[in-house]
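Q: Before we start, here is the structure in question, set down as structure tokens.
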Amino acid sequence: MGEMSGFQLGVMGALFLSVASSVSIVICNKALMSNLGFQFATTLTSWHLMVTYCSLHAALRLNFFENKPIDIKTVFIFGMLNGISIGLLNLSLGFNSIGFYQMTKLAIIPFTVVLETIFFKKQFSKNIKLSLSILLLGVGIASVTDLQLNLVGTILSILAIITTCVGQILTNTIQKRLNVSSTQLLYQSAPFQSAILFFTGPFVDRFLTKQNVYAFKYSPVVLGFIVLSCLIAVFVNFSTFLVIGKTSPVTYQVLGHLKTCLVLAFGYTLLHDPFTWRNILGILIAVVGMGMYSYFCTNETKRKQLVDVSPSPPMKEKDANSPLLGSHLDKESKDSAV
């Protein structure tokens, strides 16, 4: 019982850290890009991952965690996939209207549910699906305005959805199959994610902004905000892997939409962004959906604990040095967290 309470406290801590750090970095980056004119999002993300890796390396040297080597093929494919998904999301925003980009982000949850149902045989109850539908409806009302379609933008959005969903599912699967912690996985994969964004980021940003990131005038204020953004990103990246590992990709996406609502609210109160009754209505509906999702998840978890009275045989741990992505994935356990 004490172990379960400790696990629940760990989950709550991870969720709080994810929300606090994500909202903070959005506000910081908005000031950096909107007010100071530094609009090189992809390159900035590569710097985020570099600082994250350096911070984790320092933590490793100080014995804050133990490194666990993972098969290089698994880490390479996983890191490249996550790096590509970030680049595709940025390109999707560049080629599409803000409304269509928000629709792209909303589509990640249903697509993740479909993938986990088909490939991992994971069951989502009607109550969970209902709460997710209400959540998506609310976020859609609050954030989606104009919808302008074009062929290139649509293709980029579809690719961004696929790579993001697969990457987040693998974040959860690798941690559980290979019995590695979120810190160990992030430490192993961050260099690959950073590398692909570091080399492709300037080209992507130049294409989207018509400016050269290395020709930008870096004032002390800009440098200060970049450093602050990179430091906050350490907690964002760490909490992302932590939340997905402790809960599920769907729960992480639900949390992401909570962040969207909070950013809209903070934008209105702190930055005086325009706010309408439609935004308020959408946020309220989204909060109802989030509350229902949390309630149903908690009830289903308790129900499973009562049913599973007898301890199940321990799952055989897969060697972390054996390839995971190169072989056929084992079937997902039906009692995995929603």
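We count from 1, first residue shown onward.
Glycine residues also receive a Cβ, built from the backbone N, Cα and C atoms like all the rest.
Those TrEMBL annotations? Automatic predictions, nothing curated.
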Q: With TrEMBL as the source, identify the stretch among 99-120, 253-274 annotated transmembrane segment.
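A: Within the set 99-120, 253-274, TrEMBL attaches transmembrane segment to 99-120.
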Q: In the same chain, which residue numbers or ranges, 6 or more beyond the ends of the transmembrane segment (216-238), come under 8 angstroms Cβ to Cβ?
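A: Non-local partners: 17-18, 20-22, 24-25, 28-29, 31-32, 36, 38, 40, 44-45, 47-52, 55, 182-183, 186, 190.
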Q: Cβ pairs under 8 Å only, please: of the recorded stretches 38-60, 72-93, 151-173, 185-204, which one is richest in them relative to the transmembrane segment (99-120)?
A: 151-173
Q: If I take every residue in the domain 'Sugar phosphate transporter' (20-294) and average their pLDDT values, what number comes out?
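A: Residues in the domain 'Sugar phosphate transporter' (20-294) carry a mean pLDDT of 89 in this prediction.
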Q: Of the stretches 72-93, 151-173, 185-204, which racks up the most C-beta pairs under 8 Å with the transmembrane segment (38-60)?
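A: The stretch with the most contacts is 185-204.
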